[in-house]
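Here is what TrEMBL says about this protein:
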- 1-454: domain 'Major facilitator superfamily (MFS) profile' (DOMAIN)
- 21-43: transmembrane segment (TRANSMEM)
- 49-68: transmembrane segment (TRANSMEM)
- 75-97: transmembrane segment (TRANSMEM)
- 109-132: transmembrane segment (TRANSMEM)
- 144-165: transmembrane segment (TRANSMEM)
- 252-274: transmembrane segment (TRANSMEM)
- 286-303: transmembrane segment (TRANSMEM)
- 323-341: transmembrane segment (TRANSMEM)
- 362-384: transmembrane segment (TRANSMEM)
- 427-448: transmembrane segment (TRANSMEM)
Amino acid sequence: MVRSCRYSALSVTFSLRPTQLTMFNTASLLASSLFSPLAGVLGDRYHRGIIIAIGTLVWSAASALFGLSLTFSQAVAWIAISGVGTALVSPASSSILADMFPESSRGTAFGILFFISNVGSMAGGAWAINAANKDYGQLAGWRLTFFISAGLGLVTALFAFPGIWEPRRNAAAAGPAAVHDHVPAAARWHRPKWAEANKAALRIACDCWQVVRVPSFLVLLVEHVTDLTSGAGGFAVQYNQFLGFSDAGTSAIVLACGFGGAVGLILGGISGDLLARRFPIAARPLSNQISIALVMPLIYVGYKVMPGCSKYATGVSGTMDYLLWKYALLNFVLGALQSWCAANNSTIYAEVIPPQRRSLAYALDLCISGIVNACTIPVAGLAVERYGGHTATAAATAGGTGDDGSAPAPAVPPSDNLANARAIEDGLLLVILVSFGIKLFVYAMLYWTMPRDRLLEEEEEGAAPLPPLAPAPSAVELLRASSTQTGLLAALPTCPGLPPPPCSSKATAGNDVVASSC
């Protein structure tokens, strides 16, 4: 969000077109998606507080280096590395929250978490809009915003190392013993390292398959994949500037939308929890559909009916601030309604995925949907540039500055501002309405998938844990057991997750007949 609020300053500094501006979000999301499966595996096996702290440090360092970038390629590279830090933080934090709270209050817990996140994003975005186009001595304002963000991230990481509690009851499940499958140390000492690596890889592959095969997980994955609005945030900020709102007015609108989104996350979680008492299966998909159905007409009103749209606007900075309260109210309502889905989706994952694989589930979702969304982020830029006809690359306001801070950027003619505002209206309206229409249909599929998935999750969560594996039999034991086929198969080690070897219902032991342990 903070990065999108700097679109105008970045477009001037690096002379970027709309499609090039979306490359920042594309690079960050793609790197985060590719790294998230490993982050999920680490979160299921090691202390998640330490993983969150390391991810925050990586993000902070990359943000500071982004502020030092001199070329577009350098900036894209550093923003991609910051995505790796995001990948470490997101799955671990979501799984910790899912483990800490019971099913009856998870929606509210996720809503509060996302509320706090949105408040920070909202405050940072509002400040970035006002500071990005200014100079502070010899330092460009947008660079200063990245340096301050990096400093705040560093402080957060230092507090995260000792301050995050790991709610797992069995501490051994978060350590290296999980990778070794609790094999006794004496048996592990003589096993080759490649065998241990293969065993860990097999365990990870089995866990991934157990997550991906859940139908409700696939439905939510499709919903995330079909989201074409990922690149719309930065253009929404530019749109208000093109209409004629000042930087202060634009930041106020961003604050209203962000605060509405934060409130909506809590409302969405609470509404899902309340509806779940009456409709335990249909509550959260229904809540999401209500949210989308209410947002779609309001989006059209905001872009085509409001008195400040491109049809009635002036295109001169500061002249539209008299409509500020109307746009702030509309954006607050939009933010409060369209953010319900985030809290409910996170809760649905916790309801259909057992606790031991939740970090991996959040990571796989971030990976698969993130890779696809990274490719669809430029869709918003293409819609604005090709379908809408966006042409100008300069800042929307006359207060923009060059990279060296020595001379202000030239003012943009009001007619160009209005033409670009109209292009953003047409492009984003097309992308948002198509994406939301698909989501309405996709969420309906959860009515059929969630009953079975929740039943299986409850059965697996209540099942007794698998016993530790016995050491591999020696050659002498195998030879002794080779007298009968049943004895040979019984002496062979079994692999967790694979079916047991075939055997008869009875086995012979000397002259007696005893029941088989199979």
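Using N, Cα and C of the backbone, Cβ positions are placed for all residues, glycine too.
When Cβ distances are compared across the two stretches, the transmembrane segment (427-448) makes no contact with the transmembrane segment (109-132), since fewer than 3 pairs at least 6 residues apart fall below 8 angstroms.
When averaged over the domain 'Major facilitator superfamily (MFS) profile' (1-454), pLDDT in the model lands at 79. Under 8 Å from some Cβ of the transmembrane segment (75-97) lie the Cβ atoms of residues 3, 10, 14, 23-24, 27-33, 35-36, 39-40, 42-44, 48-49, 51-52, 54-63, 65-66, 69, 106, 109-110, 113, 164, 166-167, 346, 349, 358-360, 362-363, 366, all in the same chain and six or more residues away from its ends.
The transmembrane segment (362-384) makes contact with the transmembrane segment (21-43): 3 or more of their CB pairs lie within 8 A, with pairs spaced 6 or more apart in sequence. Most Cβ pairs under 8 A with the transmembrane segment (252-274) among the ranges 49-68, 109-132, 286-303 are made by 109-132. Here the transmembrane segment (286-303) has Cβ contacts under 8 Å with residues 264, 268, 271-272, 275, 279, 309, 327, 330-331, 333-334, 337-341, 344-345, 425, 428-429, 432-433, 436-437, 439-440, 443-444 of the same chain, all six or more residues outside its ends.
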